[in-house]
Amino acid sequence: MLDVNNFDRMRIGLASPDLIRQWSSGEVKKPETINYRTLKPERDGLFCERIFGPTRDWECHCGKYKRVRYKGIVCDRCGVEVTRSKVRRERLGHIELAAPVSHIWYFKGIPSRMGLLLDMSPRSLEKVLYFVAYIVIEQGDTPLMKKQLLTETEYREHREKYGNRFRAGMGAEAIKELLVEMDLEQLCRELRQELKEVTGQRKVRAIRRLEVVEAFKNSGNRPEWMIMDVIPVIPPELRPMVQLDGGRFATSDLNDLYRRVINRNNRLKRLLDLGAPDIIVRNEKRMLQEAVDALIDNGRRGRPVTGPGNRPLKSLSDMLKGKQGRFRQNLLGKRVDYSGRSVIVVGPELKLHQCGLPKEMALELFKPFVMKKLVEDGHAHNIKSAKRMVERVKNEVWDVLEDVIAEHPVLLNRAPTLHRLGIQAFEPVLVEGRALQIHPLVCTAYNADFDGDQMAVHVPLSAEAQAEARNLMLSAHNILNPKDGRPVATPTQDMVIGSYYLTIEREGAKGENMIFASPDEAIAAYDAKSVHLQARIRVRPTARLQEALEFAKSEARSFDEQGRLMTTVGRLIFNSVIPPKVGYVNEVVGKKQLGNIVARCYDKLGISETAAMLDGIKKLGYTFSTRAGITVGITDVEVPEEKRRLIAEADSFVEKVEQQYRRGLITEEERYQKVIDIWNKTTDGVTQALMRTLDKFNPVYMMANSGARGNIQQIRQLAGMRGLMADPSGRIIDLPIKANFREGLTVLEYFISTHGARKGLADTALRTADSGYLTRRLVDVSQDVIVREIDCGTHEGIPVEAIVDGKQVIEKLSDRLTGRYALEEIVDPETGEKLAAYNEEIQADAAERIDQLIKQGKLAHNAVYIRSVLTCRTRYGVCRRCYGRNLATGRSVEIGEAVGIIAAQSIGEPGTQLTMRTFHTGGVAGDDITQGLPRVEELFEARKPKGLAIIAEQDGIVRIVDNKGRKDIEIVTDDGESHHYAIPYNSRLKVEDGQRVQAGTELTEGSVNPHDMLRVKGIQGVQTYLLREVQRVYRLQGVDINDKHIEVMVRQMMRKVKVEEPGDTDLLPGGLIDIADFEAENLKAIEAGLEPATARPILLGITKASLATDSFLSAASFQETTRVLTEAAIKGKVDPLLGLKENVIIGKLIPAGTGMSRYRNIQVLVGDEIDEARLEDGMA
């Protein structure tokens, strides 16, 4: 077997007949499989032991040699080599064909490679291969043309007329002859010449032919190898035959397909020996060709061969294709040992880095470790007795188990694993019962709840795996979310309501304005029930409190005249778990504030302090939410008094609008729009009235206001009015639901509201699948983006400013700058302080300040130039400076970080939260702009969007002209040229007469076609557009994603250029090539004094970009497996194994993190060796 770690590239190509014979261990001559009586393989059959090796370890077929001592002997009676039976997984056989057959991939694939080489249409080729027509091989001195097709009758006529002066044939033999005599060099020269002379369709055809010819010429594959004389037979263990209980046999479909090939082949041999008539032989040859086609790719041509029950048989191609194929099922999705799964329950007393592991489960998972320890400690004499002890569960076993699991982390995973936080490491704590216990703070990351969710446990075995789990995957180290750098382990639900109740201030409570000498005294008074938890009190600051106040926000420092702190007992208790350096919290704490506290703590004090603080907040939160005893009853839902008046007003307004409509003063469309506006305003009015009337201590209000559960919209439906609903098509019904759930809905109102509810459920189901598929494509396109060096040395970057949509700020400038490297020095004009230095990271406070200065217009320009992944020059992957900060750690990104995968997960994971719907908000018909998930997909796939906007292609002044009742636009450029744009009837203009526009400005509403944007505004224009649009969709749904993740994707979409003129290089016109390769080719040409090639950048959708990758393994395991492999084989492609996927497929360590060669090729030197090495270095 080959050693996986010993090679660094992998090549694929066409196998010549001689090579196949060389691989083979013997020829399969009979279609038999196994003998039905003895159940032993038949000799020379598909399972023959002589060819493929023995079925039992160290035992020959006839039984003359048994035992390992005869290893390597070939039995003289049965010819079987005595060896391990697992050779039956690797030994190939072969079938010698009586007549050559074509390989269906190369004849039937699109484009047909054989057809392009021979310059024949696939239809004519099919006629020849399947014995319908003759093809002229040598025309001699006859008027026939070479490669001309002749029907049976034409062939006979010409035979009678010219005798043997010409040669024609049919079937794969004829094609093979034509392929053998091809001169690729000559053909290549002719085609390159032809390219210079022809245009249009003929040029396209010539380019495609040249591609195939060049591929054969450069790869060393011969064209005639596309026709097979020998067929390899895959090892029998890969197409097994097993006996079922009833004595019947289940067999792999491949055996059936091979059997048909062998039967037909043997029959053909017999017919040829007998000298049968031509027509019978031809028919048999055609059947052989069809049998081989079915074996290689069943169903590609004609009707698929079916097995029992009309099920199409699975051919070799089907074994590789799709989710159940070899690539995705076995190579990328392996099963693991040492794992278990169980239901999860909450473990509120666990620490952040712990999980509760059921005892019986732990014993089974750590069995080998326990057995080893039992022997070491002398409880058992040998492994066998230790095993018996464990199986009988003796008392000593539990003590040993405790020792074994100490310091041994386990991994917990919840499906679906949408991002890397879906697998985290914990230290196990043994618990009774059979359920896993989960710390409540990691639920957000797992998206877990306790309504019956299950989780899987995995045990990292090797020391390296344990170190990795502990240092990188421990839950306490994953407090920040990689997608936006915000804390993901923030308290939720009960903990939030507890903290909220603890820190809220109640006026007129018992003990108000009492004065205490220290926080401890205040807390003692609360314990003695002399002061209420939420009463406002005054406290003299102690040393710890003083320190906390120094770090606190200015609002928190409210003192009375004597310098005593004004606060509440609850806040003192809350601050007892907050480290002083985070600052004293003197405000009402809801979910948002908790998030900020965690972020601040992580920033200032690091991981261990934050984890301890989180556990403190968790404990307090649970304690006080229990003490508060917050409950919800129907009386807590109070309907505001003003509701009746507001609704009556709205009804009268609507009546007026209806009257205007009936008199014909307004159109149906205007009526609809007005009614909807009236009801939207009324709904808002009722909601505001509701919020005014609700008491600050109303449990429903407290829940929503603190962020523990629910929101204003839901309270509105409970106690305000439900408002407008949409019908099944998404159009808003202009009859609102005036009632709320407290009052109860009428039958009609209930019916109207069911549309929305049902659509919501259907949407969710569809969305999950779509989002998953989008994530898969994103991962595939970016999986080889790894941080490979510190600095790529580029001086380019991108300008960034706040992303604005109309009046609404979608993404603040400070969010876009934090943690990125600046390309220019920025100095504060007021203080002269340096806010950003060239090639250094911009910190959060500096980013905020730059944002302020730009808003006040105090900096020279509005955009800040930063280093970006989009302009990074690293060949495979990105560099540290262009990427900037790793959001999951808050520090600069490490070399070896797989930032592509992180980006894909960060964009894909929130995908399920995006809505599906296309909004039809009244307005103009046909103006439905796609939004939500479909819009993200449309952008990443670079599709032409629905509802196209027309964009200006020049800079100039807009003139709006009337053209037969519709508005058209003319743009007058600075040199006086006028350009006309026809505007469709139902489009709305976005520009005004006399406005100055730049190229790329949208003239009408809608979405821009990104390919037009690339043409008009160039690479940077389209990159900014895609980034802005994707951000818009996510931010409008309230999902924050950092720019850099989207940049990684956009960069992968823009990796290729299309060659226009090849100049004197070897590039093919119209070919796609990586920018870096293109530049290298041109550099070579210029150095040699030749003419360089020209090319234009193109934008590929993520699916296309994944398939256009350098790695054929990655592309084949993604989609269109057969097409990718066909092309790769003809080109003799070499896979450089740089991405993660390829290495997982072949079983190598992935080249990320410590798997990178720079971390692995390290020599450890000791003592004197170091001095010697230094001397050598000095001499070198």
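Yeah, the Cβs are placed from backbone N, Cα and C, and that goes for glycine too.
According to Swiss-Prot, the Zn(2+) 1 binding site annotation covers Cys60, Cys62, Cys75, Cys78, on the basis of sequence analysis. In sequence order, Glu49, Pro54, Lys66, Cys75, Arg77, Cys78, Val80, Glu81, Val82 are the residues near Cys60 (Zn(2+) 1 binding site), counting only same-chain partners six or more apart with C-beta under 8 A.
The feature Mg(2+) binding site is assigned by Swiss-Prot to Asp449, Asp451, Asp453. Packing around Asp449 (Mg(2+) binding site) is summarised by its Cβ count: 11 other Cβ atoms lie within 10 angstroms of its Cβ, all protein chains included. Look at Asp449 (Mg(2+) binding site): DSSP puts it in coil.
Per Swiss-Prot, Zn(2+) 2 binding site is recorded for Cys792, Cys872, Cys879, Cys882, and the stated evidence type is sequence analysis. The Cβ neighbour count for Cys792 (Zn(2+) 2 binding site), using a 10 Å radius over every protein chain in view, is 19.
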CB-centroid shell, 8 A cutoff, Mg(2+) site Asp449, Asp451, Asp453, site residues removed: Ile344, Ala448, Phe450, Gly452
Residues flanking the Zn(2+) 1 site, with Cβ no more than 8 Å from the Cβ centroid of Cys60, Cys62, Cys75, Cys78 and excluding those residues themselves: His61, Gly63, Lys64, Tyr65, Asp76, Arg77, Gly79, Val80
Residues flanking the Zn(2+) 2 site, with Cβ no more than 8 Å from the Cβ centroid of Cys792, Cys872, Cys879, Cys882 and excluding those residues themselves: Glu789, Asp791, Thr794, Arg867, Val869, Thr871, Arg873, Thr874, Val878, Arg880, Arg881, Tyr883
Cβ-Cβ distance under 8 Å to Asp453 (Mg(2+) binding site), same chain, at least six residues away: Val343, Ile344, Arg414
Nearest of the binding-site residues (Cys62, Asp449, Asp451) to Cys879 (Zn(2+) 2 binding site), judged by Cα-Cα distance: Asp449
Surrounding CB atoms that lie within 10 Å of the CB of Asp451 (Mg(2+) binding site), all protein chains: 5
Candidates Cys792, Cys872, Cys882 (binding-site residues) - the one closest to Asp451 (Mg(2+) binding site) by CA: Cys882
Candidate with the highest Cβ count within 10 Å, taken from the binding-site residues Cys62, Cys75, Cys78, Cys879, Cys882: Cys882
Structural state of Cys879 (Zn(2+) 2 binding site), classified by DSSP into three states: strand
Neighbour count (Cβ, 10 Å) for Cys872 (Zn(2+) 2 binding site): 26
Residue among binding-site residues Cys62, Cys792, Cys872, Cys882 with Cα closest to the Cα of Asp449 (Mg(2+) binding site): Cys882
Cys62 (Zn(2+) 1 binding site) and Cys792 (Zn(2+) 2 binding site), distance between Cα atoms, whole Å: 67
